[in-house]
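Enquirer: Got a structure here, written out as structure tokens. Questions coming.
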Amino acid sequence: MEEFVGLREGSSGNPVTLQELWGPCPRIRRGIRGGLEWLKQKLFRLGEDWYFLMTLGVLMALVSCAMDLAVESVVRAHQWLYREIGDSHLLRYLSWTVYPVALVSFSSGFSQSITPSSGGSGIPEVKTMLAGVVLEDYLDIKNFGAKVVGLSCTLACGSTLFLGKVGPFVHLSVMMAAYLGRVRTTTIGEPENKSKQNEMLVAAAAVGVATVFAAPFSGVLFSIEVMSSHFSVWDYWRGFFAATCGAFMFRLLAVFNSEQETITSLYKTSFRVDVPFDLPEIFFFVALGGLCGILGSAYLFCQRIFFGFIRNNRFSSKLLATSKPVYSALATLVLASITYPPSAGRFLASRLSMKQHLDSLFDNHSWALMTQNSSPPWPEELDPQHLWWEWYHPRFTIFGTLAFFLVMKFWMLILATTIPMPAGYFMPIFVYGAAIGRLFGETLSFIFPEGIVAGGITNPIMPGGYALAGAAAFSGAVTHTISTALLAFEVTGQIVHALPVLMAVLAANAIAQSCQPSFYDGTVIVKKLPYLPRILGRNIGSHRVRVEHFMNHSITTLAKDMPLEEVVKVVTSTDVAKYPLVESTESQILVGIVRRAQLVQALKAEPPSWAPGHQQCLQDILAAGCPTEPVTLKLSPETSLHEAHNLFELLNLHSLFVTSRGRAVGCVSWVEMKKAISNLTNPPAPK
């Protein structure tokens with residue numbers, strides 16, 4: 001039914017609806033409508049990417065907060081069950097062990113049944129995808145649901161497994177960004193843009209870290225260091241915007257949930273601000289960094305060896321292939337039995353959560369000095385006001401419990417990384433590093449009970465500062481990152497130890513990077529994911545090695561004047577994804593690239609008159625509509641390995657053709673690059 005229209009009195013004759021004419025306050029409503037249209041026009045001038053990034057940050061903060069609330073409820077239920085079940089050691093042992101075993105079995109079985117790619121950290125796979133490799137199902141939305149459920153069960157196990165959520169949240173954020181990107185392209189009808197999708201995934205990786213620690217700065221820098229070797233400034237801005245939105249919403253939700261009175265740091269500390277450390281202590285911080293570098297290299301070596309042993313052992317490999325939940329349950333039973341509080345768990349502070357571990361380890365008081373003349377009791381129930389009591393035993397003392405914690409957690413963390421379920425491995429090594437620093441600081445405070453004299457002034461040593469440096473240094477050594485120093489400052493809200501912590505992280509990285517690949521690179525190697533190794537150092541001769549020394553000379557070219565029967569023979573006898581297109585068989589001048597799939601489709605679409613036997617050539621197929629691609633990049637035989645490697649990393653390339661005076665003479669792919677780099681680092685023995 002058509003609406004009645006009228007003419008507004010004194011108007012120029014433009015028709016208006018009677019509803020608008022007789023409605024209340026027509027001028028105000030028209031002004032509001034015009035203002036909204038103006039605001040919409042101004043907002044969308046910025047581009048929809050910024051709204052996309054803000055939505056991504058807010059959604060991931062909601063997921064992180066909801067997961068924390070759900071996990072906290074399950075952990076409280078476990079604690080209540082353990083506390084109320086009675087004094088029977090058997091029942092208490094069963095309540096302590098069966099609970100995490102059931103959760104881990106469900107986590108492993110559920111995630112693996114939905115999609116096998118949901119297990120593990122996810123960062124190695126994301127790193128591989130950002131390098132341009134297509135991994136099926138890793139960005140599927142069903143993978144998102146499986147990983148959320150599995151990770152929630154993993155975190156609900158508490159200190160028995162001692163695992164975190166940083167890596168999985170990076171993977172979850174990337175999956176959410178990919179899904180939102182697909183929704184956007186479907187809604188506005190724009191074609192899929194791989195370059196734009198990659199930009200969003202890079203920003204999403206920063207959001208994953210920011211929504212776990214509420215640390216936008218270190219989230220962006222950590223994602224840069226872990227995910228890529230070259231980074232665009234344009235992605236830098238996007239990453240900071242999305243990470244800030246996610247971190248702000250994450251802490252805002254904590255305020256709304258009455259967890260905090262206002263937006264504050266994640267872990268509370270009370271370090272001295274006036275004189276946090278004396279100048280001679282710089283040497284001890286550097287020594288702590290060196291120790292963390294050595295222990296980090298040992299951890300990476302043992303983790304990779306043990307992972308290979310589990311995969312090659314007949315019993316464990318069969319379990320992992322056929323009964324992943326059974327292997328997960330057995331490994332969890334071992335870990336839960338060790339952490340049972342009345343037994344060895346008494347010396348591992350197993351009643352503390354990971355957050356409480358850090359809160360206690362960052363305490364600025366010296367436990368060794370506090371327990372010299374008095375022995376604090378070990379309470380039947382956990383005392384939130386005296387968390388450090390969990391680290392004390394009258395026979396073992398503080399030094400014994402910390403040392404026992406480091407020895408046991410070293411192999412327990414390695415065992416936990418082999419369980420096929422969604423889990424993060426950054427937070428455990430962060431806590432482990434804090435324990436290293438705490439033991440180092442307690443030792444110094446015991447040796448220098450009055451402090452170190454500098455400039456006639458004596459200030460007591462703060463072991464909490466060394467715990468902070470140890471957390472940043474050890475986690476930085478394992479992941480080969482420097483941003484862990486900034487992360488330590490953001491999560492504690494303290495920057496008074498900026499210089500010594502940074503020096504410790506640099507010392508740890510200098511040792512670890514020269515000995516072992518990072519945790520994520522090692523996982524890529526063990527899982528046999530496609531990767532391009534980095535060229536370490538500047539003095540290994542990468543500038544002297546030329547492309548002509550390692551390129552693949554045996555390439556199959558397609559000439560425009562090649563008969564169709566020859567083209568068919570080439571296509572059926574090879575399985576390469578693309579062929580170099582040359583001007584003629586004689587000249588071999590490279591003029592383009594032909595995709596195998598498109599060429600096969602064009603050959604199948606030809607009429608019978610084009611069958612083999614007729615003197616038709618490839619040029620006719622190309623003229624009939626078979627698409628070709630221009631050669632935008634190519635290498636020269638004189639190009640150095642160093643230049644070629646930088647080009648591959650910068651543009652996420654997988655292969656390039658090599659031309660000499662325009663003639664196609666070879667190609668270089670990741671296979672040839674890996675072999676050339678391997679020959680530089682480990683020269684073959686002379687024949």
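Positions of Cβ are set from backbone N, Cα and C atoms, glycine also.
So Swiss-Prot lists the following for this protein:
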TRANSMEM  51-82  transmembrane segment
TRANSMEM  91-111  transmembrane segment
TRANSMEM  141-160  transmembrane segment
TRANSMEM  161-180  transmembrane segment
CARBOHYD  Asn193  N-linked glycosylation site
TRANSMEM  236-255  transmembrane segment
BINDING   Glu259, Glu261, Asp278, Glu281  Ca(2+) binding site
TRANSMEM  282-310  transmembrane segment
TRANSMEM  325-342  transmembrane segment
TRANSMEM  400-420  transmembrane segment
TRANSMEM  421-440  transmembrane segment
TRANSMEM  500-520  transmembrane segment
DOMAIN    551-609  domain 'CBS 1'
DOMAIN    626-684  domain 'CBS 2'
Enquirer: List, by number or range, the same-chain residues at least 6 past the transmembrane segment (161-180) whose CB is under 8 A from its CB atoms?
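Expert: That would be 52, 55-56, 59-60, 63-64, 67, 100, 104, 120-123, 125-126, 129, 138-141, 143-144, 147-148, 151, 154-155, 197, 200-201, 203-205, 207-209, 211-213, 223, 332, 335, 354, 409, 412-413, 416, 419, 422-428, 430-431.
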Enquirer: Quickly jot the same-chain residues contacting the transmembrane segment (282-310) by Cβ under 8 Å, restricted to those at least six beyond its ends, or write none.
Expert: 316-317, 320, 410-411, 413-415, 417-418, 429, 433, 436-437, 440, 444, 466, 469-470, 473-474, 476-478, 499-501, 503-512, 515-519, 522, 525-526
Enquirer: Helix, strand, coil residue numbers for the domain 'CBS 1' (551-609) per DSSP?
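Expert: Grouping H, G, I as helix and E, B as strand yields 22 helix, 16 strand, 21 coil.
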Enquirer: Run through the Cβ atoms and count how many others sit within 10 Å of the one on Glu281 (Ca(2+) binding site).
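Expert: I count 24 other Cβ atoms within 10 Å of it.
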Enquirer: Residues of the same chain, at least six outside the transmembrane segment (400-420), with any C-beta under 8 angstroms of its C-beta?
Expert: 104, 108, 112, 119-120, 161-163, 299, 302-303, 306-307, 310, 320, 324, 327-328, 331-332, 334-335, 338, 344, 347-349, 391-393, 428-429, 432, 435-436, 438-439, 442
Enquirer: Any chance the transmembrane segment (141-160) and the transmembrane segment (500-520) are in contact, meaning at least three CB pairs closer than 8 A with a sequence separation of 6+?
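Expert: The transmembrane segment (500-520) and the transmembrane segment (141-160): touching, no.
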Enquirer: Of the listed stretches 51-82, 91-111, 500-520, which one has the most C-beta pairs under 8 A with the transmembrane segment (421-440)?
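Expert: If we count Cβ pairs closer than 8 Å to the transmembrane segment (421-440), 91-111 scores highest.
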Enquirer: Tally every other Cβ atom lying within 10 Å of the Cβ atom of Asn193 (N-linked glycosylation site).
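Expert: Excluding its own Cβ, Asn193 (N-linked glycosylation site) sees 12 Cβ atoms within 10 Å.
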Enquirer: Under 8 Å between C-beta atoms and at least six residues away from its ends: which parts of the chain pack against the transmembrane segment (500-520)?
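Expert: Residues 121, 123-124, 127, 226, 277, 281-282, 285-286, 288-290, 292-294, 296-297, 300-301, 303-304, 425, 429, 465, 468-470, 472-474, 476-482, 484-485, 488-489, 536 contact the transmembrane segment (500-520) from elsewhere in the chain.
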Enquirer: Apart from its near flanks, which chain residues at least 6 from the ends of the transmembrane segment (51-82) lie with a Cβ under 8 angstroms of it?
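Expert: Here the qualifying positions are 92, 95-96, 99, 103, 148, 151-152, 155-156, 158, 165, 169, 172-173, 176-177, 180-181, 184, 200, 203-204, 207-208, 210-212, 238, 241-250, 253-254, 257, 353.
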Enquirer: Applying a 10 Å Cβ distance cut-off over all chains shown, what neighbour count does Asp278 (Ca(2+) binding site) have?
Expert: 19
Enquirer: Work out how many Å separate Asn193 (N-linked glycosylation site) and Glu281 (Ca(2+) binding site) at their Cα atoms, rounded off.
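Expert: If we compare the Cα positions of Asn193 (N-linked glycosylation site) and Glu281 (Ca(2+) binding site), the gap is 53 Å.
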Enquirer: Averaged across the domain 'CBS 1' (551-609), what pLDDT does the model get? Just tell me the whole number, please.
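Expert: Its mean pLDDT is 84.
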